[in-house]
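Some features that TrEMBL has for this protein:
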DOMAIN    7-407  domain 'Enolpyruvate transferase'
BINDING   K22, N23  phosphoenolpyruvate binding site
BINDING   R92, D306, I328  UDP-N-acetyl-alpha-D-glucosamine binding site
ACT_SITE  C116  active site, proton donor
MOD_RES   C116  2-(S-cysteinyl)pyruvic acid O-phosphothioketal
REPEAT    178-206  repeat 'ANK'
Amino acid sequence: MQKLIINGGKRLCGEIRVQGAKNSALPLLAGCLLTDGRTVLKRCPELTDVFAACRILNELGCKCSFRQGTATTDADSAAGFRITEELMREMRSSIVFLGAVLGRHGRCELSYPGGCELGPRPIDMHLSALRQLGVKIHEEHGRISCTCPRGLKGASISLPFPSVGATENIMLAAVCADGDTVIHNAAREPEITDLANFLVRCGADIKGAGCSTVRISGVKKLRGCEYDVMPDRIAAATYMAAAASTGGELGLTDISCDDLQAVTSVFEEMGAAVYSAGSRIFISCKAPLKAVRIIRTMPYPGFPTDAQAVVMAALTTARGSSMMVENIFESRFRHVDELVRMGADIKVSDRTAVIQGVKKLCGANVRAHDLRGGAALTIAALGAEGTSSVGCVGYIDRGYELIENVLSSVGADIRREF
Ligand code: EPZ
């Protein structure tokens, strides 16, 4: 089991070029299936989840190669419509291939997706929306078989909750459907806008992405294109938390400050000085951190659930008592017990965590239980006194490109032990 060994207490200082967004790269790779010819995705992060998406493309017969942050696909020979259970289980995002495969072949066979354990993660909204687009779904022994006897037909779909994955699946299935599709109560996350921008570059007709109502007029074909994956706003939030936890000063480049507003305002409330302009942000945390009254995770533009754990890690040593309410996932506090091992004072009741700031954390042996929780333990260990080991690094590798190299480039004492 790989571990990160961290000698805490070093102030981080310097500049980090933030990676491309995992949560955008994955649906974009699924979207590549719909294009004729070659598609080139630049700034595609080198992550285990991205490699898993490439394996799914390969299984479907789509060529996919990866070199120095650029994924190149060629879907001309993608005749496959079945995804094996083993690949489906590798990550939650495997489910967005459903919309793309249906868009391409009008049929698809796959299993329920895997992914980080954050509580129940049903796909009922995905399936119900696809039914409204004319898909017949048959489930047996954990396999889901989908066919479109009359082809995919545009529809007006109202989501009961602005699910990111369901919005992406509808978009992928609808871009080449017959007629117009309207998604009401669509997710507004920047990754949705990025997927729409990519599909439009390929020839799709999509309006309103980033708003609650998205309109898609089906087109006959999509062609390959070159596209830059958007910056990873959660990786940016994680490095801001690292600066906060170590009393450091970091400049983050190649990001979109607009996408980070809910997060930057929390760091400002904690007493950090944050300066942002265009694609750069500078955070300085020289003064002791202050507690924040309450943070509620919400769909975008609210505070992102994916930043809850890393911000909590920084709050463990803030002066006073902070409260965090997790509204998106049922079980997203698995990092709490591990933070407590490091000396944090956190009480959880149902979906609320109360964090009473302590003077300092102490190094300990802890282990990641999910991606963002693992990042949070790393952040806590960077600010703690003494040495920590963070186990189950595989979770962290799903979402952060060589986190130890990035952090050591700005002064952290961190190494990977195999
Ligand atoms: C995406 O997951 C992200 N993953 C998650 O990031 C992120 O936490 C989440 O959106 C919320 O922002 C990717 O983009 C790959 P949802 P997704 O559908 O699409 C319920 C990370 O750390 N729901 O918006 O799976 C669901 O259970 C990850 O990078 C249903 O009930 O999220 C959850 O409570 C983890 N039925 C809520 O909606 C459905 O059919 C939000 O889920 C679908 C969702």
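Backbone N, Cα and C atoms are what each Cβ position is placed from, and that goes for glycine too.
Note that the coordinates shown come from a computational prediction; the quantities given were computed from them, not determined experimentally.
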Intrachain neighbours beyond the repeat 'ANK' (178-206), with Cβ under 8 angstroms and 6 or more residues off its ends
21, 23-24, 27-28, 31, 34-35, 39, 129, 133, 151-164, 166-168, 170-172, 212-219, 221-225, 227, 229-230, 233, 256, 259, 299-301
How many other Cβ atoms are found within 10 Å of the Cβ atom of K22 (phosphoenolpyruvate binding site), counting all protein chains shown?
27
Could you tally the C-beta atoms, other than its own, that fall within 10 angstroms of the C-beta of R92 (UDP-N-acetyl-alpha-D-glucosamine binding site)?
19
Most isolated by CB count within 10 A, of the binding-site residues N23, D306, I328, is I328
Rounded mean pLDDT within the repeat 'ANK' (178-206) lands at 98
Helix, strand and coil residue totals from DSSP for the repeat 'ANK' (178-206) stand at 12 helix, 8 strand, 9 coil
Give the maximum pairwise CA distance in Å, whole number, for the residues R92, D306, I328 listed as binding UDP-N-acetyl-alpha-D-glucosamine.
15
Rounded inter-Cα distance in Å - K22 (phosphoenolpyruvate binding site), I328 (UDP-N-acetyl-alpha-D-glucosamine binding site):
19
Let me know the DSSP-derived helix, strand or coil state of N23 (phosphoenolpyruvate binding site), please.
helix
